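Taking it in order: structure first as structure tokens, then the write-up.
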């Protein structure tokens, strides 16, 4: 969350309204991440933590206690615990480590891949094949092994795709492991009055611990002594500003007070000593870890859809199988043969190639997205992003550039706009006036930040600087303007300095000047604007010092309010040339007694800073809105800043008003405004803390544009759950440890690749390698495209199922020789159809893909009624008729006219019948009949392949004409078309195929018998799409668009 920090420099009130710093105590005392109070009640808690309990935000009181009270509470002292007492507490509380979640054994993970979704259907098919083979083998040891081979192939398909999916999933690491990586290994502790270095896991409540710059905090500490100590809380709270730590109780909120240091955060500088008040799972990070491990693991939308599809296919297969089992029994077949028919029909309905197709398609899309800076960890998350209807986005680093930047300046009684673009090379304000030169000099000199060495060739805005975010922003601004800040500093040698502190709220330094004609020393100062103004009696206007009268104070206040209202951090700057007579170059300045003027200074101007929006974000937010996706900002930053950024990126659009805006416009109290009149809402974490679920649902439902500010990790999780209660598919972005529970709970968690913590990355399903919100929109489009393309692929695959099923039904009902064998069907499903099915992964989006509303859960299905009816009863029937025509043509040309085939099956299949007559009296031996049957298989197979060529082309689009889409733009689809013909020709004409796989060489004319039906399929589908486009919303559109 980068620069969402608060620093005391900016913690100043504007007419009673807190500016951009720490919020008002009364309003904000319960905000941020409240610490779980250690429960000392005697009642025993179950080991398994209740996630709802973890979401409760309770208070910690230890920061309010004196040292004596702490010693009494934890039975400790400034001499530390005794070793014996520490051992007792360690035995009672356990080690200072995070309890790992109960892991799933790898074998279980592997087996889940083997039996989930499509896999279960294929296993069922394989088992049924083996059962059928077993039954036939028991009757006749010389029976065909087709069913045996088919079962083996189905099992191999499941195992291979399962292994592929398992290794893909295995790349993601355990969330808790990344938390443990953040934990310090050693700690310096005082025990028995002596300092010891012990493993951090052996620390207990009451231990007295010392930390220094560079150390990680080994437990939650109540600081009792500190010297220049600053900590980095960014991994926990998202605040990147270094936070000072001291023994003072400064705030009701444990996160805001200075005398608490948190487990796993980093001590940046200085030293500190404190009592351990929480260890392991009781620490804040322990609670977050438990919260992250206790949520999530819901099925992805695509997993739900695949499960739904499996139910449909299984339902159709079993229903049709049972129906024809009954028909077979009624027609006099034995129960055993009827069971064989039942199994054959069920297996014929199983889309054997679809599991591999979906897995490969998702993988290909994941690779394509990686090239667009979206790294997908969970394959199914590819599609989930396309289903997203709400994006809960972090502010800093995602919507913004994650760097403080000078945005506005106020000098000479005018507000000037600075360039906040990535390179800041186009500042439009006038840089020649004397006032500007004076202001620029103060900004350059009154600054402790410095560039690291060895960056001469690095662009200014990308140079690494040592200093906090605000100081760095001022340094880079000065460097862009002046060209060489270090040169200015060397020409204006620093004589003495008072660093910023929270009491004074200003920074001061005294310098020699670079003017050889002027020997006076220059005092420069910056700090909280009204504190700086208090120290001034004059103001520089047009290069001249004028009295600071009420008129100028009003101008200052107006400018200050305007910049503060933009959510910007404002600093004031002033200077004073010290009289040479009183302060010669040899004067001994004393910063303790401050033996130099700190009043009657000359006010020069204001600078305001903000973490500016990324240039690509407004357009991305607009695209989301047109795609029906609501973008909600969820940030830990101040509401004013959050609202300003939300307006600048379009999350709150130009004409939208919040309740506060309406009250201000109508000049009425906020309470009198009807909240539903406000299109936008800015919800403070304090308000959210007191809301019921129904009130939160009301906000999510009735406000189109929402910003949540000052939120804690628990609240972010509650927001995600609130969105999911509305049946939204929720995407969440985050980068800190504090974001991991919400990332895990969301339908798709998106972590930042650059600024993100390991914990956030492991909790997420997707990682943005460039931390850019615009990449999410790219991902949404890819996700929608993959859903469309999987739907097209399923439609393509299902169509030929009818043509594969009908031969078995006619075989049973009409008693004709079998038109196509199971091995032949297998070569369609896992041979000619695989490459074309996968080629849909490369199909471009149709024009309306980002103008559609997000698909609705459980309504807009992957396989809906329209798709099933169109594939099975329309295109599927056409294919069947064409294939049967070719089969009967082959049989007729060889002597068996269609009417003579009806009822011939039993005689045809008798091995000892060597003189079966055809329509012309010719006699056929069993081996001759068998070769002719295989020729019928091949003709039927070739007909399906030819018709599938047309089916492949028409599936390129669902609404647009294929000519609008571009018939030959998808090179992989052309490869798919070619592969079908090549594989079919190879199987038909390769020597030894008749006896190995039951394919025979076909005469050339048989390849063209089904061609008119292929053309009919193409024309029929183009007419369907034309009517859909021409009559939107009509009966045709509703029933023919799948």
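Residue numbers in this text run from 1 along the chain shown.
Note: Cβ is positioned from N, Cα and C throughout, glycine not excepted.
Since we're looking at a predicted model, the values are computed, not measured.
What Swiss-Prot records for this protein:
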type	residues	note
BINDING	735, 739	Mg(2+) binding site
COMPBIAS	1-15	compositional bias 'Polar residues'
COMPBIAS	38-48	compositional bias 'Basic residues'
TOPO_DOM	1-105	topological domain 'Cytoplasmic'
TOPO_DOM	127-149	topological domain 'Lumenal'
TOPO_DOM	171-306	topological domain 'Cytoplasmic'
TOPO_DOM	327-338	topological domain 'Lumenal'
TOPO_DOM	357-790	topological domain 'Cytoplasmic'
TOPO_DOM	811-820	topological domain 'Lumenal'
TOPO_DOM	842-861	topological domain 'Cytoplasmic'
TOPO_DOM	885-936	topological domain 'Lumenal'
TOPO_DOM	957-970	topological domain 'Cytoplasmic'
TOPO_DOM	990-1004	topological domain 'Lumenal'
TOPO_DOM	1026-1042	topological domain 'Cytoplasmic'
TRANSMEM	106-126	transmembrane segment
TRANSMEM	150-170	transmembrane segment
TRANSMEM	307-326	transmembrane segment
TRANSMEM	339-356	transmembrane segment
TRANSMEM	791-810	transmembrane segment
TRANSMEM	821-841	transmembrane segment
TRANSMEM	862-884	transmembrane segment
TRANSMEM	937-956	transmembrane segment
TRANSMEM	971-989	transmembrane segment
TRANSMEM	1005-1025	transmembrane segment
Proximity of the transmembrane segment (971-989) to the transmembrane segment (821-841), 3+ C-beta pairs under 8 angstroms: yes
Local Cβ density at residue 739 (Mg(2+) binding site) - other Cβ atoms counted within 10 Å: 33
Cβ contacts under 8 Å made by the transmembrane segment (1005-1025) with residues that lie 6+ beyond its boundaries: 874-875, 878-879, 881-883, 885-886, 889-890, 939, 942-944, 946-947, 949-951, 953-954, 957-962, 1040
Positions whose Cβ lies under 8 angstroms from the topological domain 'Cytoplasmic' (1026-1042), at least six residues beyond its ends: 791, 795, 864, 866-867, 870, 958-961
Positions whose Cβ lies under 8 angstroms from the topological domain 'Cytoplasmic' (842-861), at least six residues beyond its ends: 301, 304-305, 308, 364, 387-389, 623, 626-629, 727, 729, 780-781, 784-785, 787-789, 792, 956-960, 964-966, 969-973
Tally of DSSP helical, extended and coil residues in the topological domain 'Cytoplasmic' (171-306): 33 helix, 50 strand, 53 coil
Cβ pairs under 8 Å between the transmembrane segment (821-841) and the transmembrane segment (862-884), at least three: no
Whether the transmembrane segment (937-956) meets the transmembrane segment (791-810): three or more C-beta pairs under 8 angstroms: yes
Paired segments the transmembrane segment (106-126) and the transmembrane segment (307-326) in contact, 3+ CB pairs under 8 A: yes
The topological domain 'Lumenal' (811-820) - residue tally per DSSP class, helix then strand then coil: 4 helix, 0 strand, 6 coil
Cβ contacts under 8 Å made by the topological domain 'Lumenal' (327-338) with residues that lie 6+ beyond its boundaries: 135, 139, 812-813
DSSP-assigned states of the topological domain 'Lumenal' (327-338) in counts, ordered helix, strand, coil: 8 helix, 0 strand, 4 coil
Local backbone state of residue 739 (Mg(2+) binding site), from DSSP in three classes: helix
Residue 735 (Mg(2+) binding site): tally of other CB atoms within 10 A of its CB: 32
Long-range neighbours of the topological domain 'Cytoplasmic' (957-970), counting only residues six or more past its ends (CB under 8 A): 788, 791-792, 839, 842-844, 846-848, 1022, 1025-1026, 1028-1029, 1041-1042
Confidence summary (mean pLDDT) of the topological domain 'Cytoplasmic' (171-306): 80
